[in-house]
Amino acid sequence: MTDLSPAGRKQALRAEAFSRREALDRDLRREAAEAIARHALAAPELQAVHPVGAYWPIRSEVDPRPLMEGLLARGQSVALSQIRHPHLSWREWRPGDVLVHGGFGVSEPGPDAPEVFPRALLVPLAAFDRRGGRLGYGKGHFDRSIAELSSRHPVLAIGLAYSVQEIEEVPREPHDRLLDLIVTEAGIIRPR
């Protein structure tokens, strides 16, 4: 019997989305990351926000490093996520900082890097929809982080994705947080 619960539908959609993302050519992914950086840097919503929380890419995720470097070049501060399951903390990052091997195979700042509380987050994802729905990896790290940071101050949640990751509708559960912007190689999507 097929599991039609939101969690079951998410699991099936996640597998399909990962398959599409993994099928993208490495050169195309690199070019897409550069285009995504250009689009995001032009977004008025991101012009003066800092610190901006980001992630170090794993597998075939959109590589946020060109965007991170662009933010730093124009004077904005950047932080990287640090997994403290089930939560994320955010540590200041500059190019050349030594990263350590963290949970889930993620490179992250060491414990001595200053903790910060981002006002914008660059968020990885498996799939997205045009309403701002985000299908993550199923652990809830970014949903919790958006909620926790939002209790301190407004947070701009920006999904970074390849166009092939778009789906008609992401099944939503009460804990899911919507994205404010989605940036793909084709441009910026402002959810309705």
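Placed from the backbone N, Cα and C atoms, the Cβ positions cover glycine too.
What TrEMBL says about this one:
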BINDING   Lys10, Gln11, Ala12, Leu13, Arg14  ATP binding site
BINDING   Glu61  substrate binding site
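Cβ proximity to the ATP site centre (mean Cβ of Lys10, Gln11, Ala12, Leu13, Arg14, cutoff 8 Å) flags the following additional same-chain residues: Gly8, Arg9, Ala15, Glu16, Ala17, Ala126, Leu135, Pro171. Non-local contacts of Lys10 (ATP binding site) by the CB criterion (under 8 A, 6+ apart in sequence, same chain) comprise Leu135, Gly138, Val170, Pro171.
When the binding-site residues Gln11, Leu13, Arg14, Glu61 are compared by the number of other CB atoms within 10 angstroms of each CB, Gln11 has the fewest.
Long-range neighbours of Ala12 (ATP binding site) (same chain, six or more residues apart, CB within less than 8 Å of its CB): none.
Rounded to a whole number, the C-alpha distance linking Arg14 (ATP binding site) with Glu61 (substrate binding site) is 13 angstrom. Distance between Cα atoms for Gln11 (ATP binding site) and the residue listed as 'substrate binding site': 18 Å, as a whole number. DSSP classifies Ala12 (ATP binding site) as helix under the three-state reduction. Comparing Leu13 (ATP binding site) with Glu61 (substrate binding site), their Cα atoms are 16 Å apart once rounded.
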